[in-house]
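Straight from TrEMBL, the features:
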type: DOMAIN; residues: 18-132; note: domain 'Gfo/Idh/MocA-like oxidoreductase N-terminal'
type: DOMAIN; residues: 145-259; note: domain 'GFO/IDH/MocA-like oxidoreductase'
Amino acid sequence: MEILLLRISIQHSHKMTFKIGIIGCSRVAKNKFIPAINSLEFASIDIVGSRTDSKAKQFSKEIGCKTFGSYEDVISSDIDCVYISLPDGLHEKWTIKAAEAGLHVLCEKSSTTSYESAKNMVNTSKSSKTRIIECFSFRFHPQHKKVLDLIQEHNLGNIHNFIGNFGYPRPNDNNIRLQKKLGGGILNDACCYPICASRIIFNEEPVGVMSNLLIDATLGIDISSSVFLIYDKKNAYAESGFDRNFKSNYEIWCSKGNIKLNRAFAVPKNFETEIHLIKNDSKKIIMIEPVDQTALMIKTFFEEISNIKKCDFNFEDDLLKQAKILEAVRLSNKKKKFVYLEDIEK
């Protein structure tokens, strides 16, 4: 068994500072997004907004931000962009308000609860000449590009199958992820990750999907999801659940070998990840040094909107493609049949 190490660094080369407003005092905002912003020399948090003044005040004190207020106060303040860290069911409303105010938007995943909602968000962003990115920070971790490089370098052949899993123990019933009216459910919260990852690995969109969502009779939301995606001459399977031991991985089955990531999606910034490559009887482990994937996402976003460096995918197009797949997943579960992506437009 051979063990290799890949080192990654985040360079700070920006002279201008982007002023950011936070809408939603969430755990993700506090533990991931704000520390990432604080690690970057070209960005600052200028205002925090919450539903209540007391919560905004407490949150701003905890993160060291002097200005706080309501969601509307954030939208009307002198900033360049907003980070929306609200429940999924509120994303459309506040993304549109921000775009109409001329602000760029970093919107937490999943961007919306429907494809129609996603189109409304993107259309408003385009008409306002602002940009919007869906915050799948995992995709900016260098391990995924390294996976694709290894497939080529080691001549693993054609990619035939992708299997991704992302699940964790069930939250308390009052958690927003379990609130139907706020857009809760495992599909929007977790299964969206391996679905997105399959698109990245295959570098294409699926033809269609077949899904099975287990709906909690009391809560009215999906607590378990199984999604089968058909691509051109290959397929993917995504599995998630609120009722599981923590798991965040994916495996790729090629014609001459396979590759597995043991920590693919939720990766702490101090966590060293491993890529397991197997070909014939040999096994190689490639270690990836810790990196802040959220900081890399923010850096990429600001480089794009500043015309410093173009991202290798279009933010708005990708948001729509992801939203269309999730719409097909919901429709497949409802009708209990295979749904073609092309039918979502009809």
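Numbering starts at 1 and runs along the chain as it is shown here.
Heads up, the Cβ atoms here are built off N, Cα and C, so glycines get one too.
Note: TrEMBL annotation is automatic and uncurated.
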| Of the residues in the domain 'GFO/IDH/MocA-like oxidoreductase' (145-259), how many are helix, strand and coil by DSSP? | 32 helix, 45 strand, 38 coil
| query | Within the domain 'Gfo/Idh/MocA-like oxidoreductase N-terminal' (18-132), how many residues are helix, strand or coil going by DSSP? | reply | 54 helix, 25 strand, 36 coil
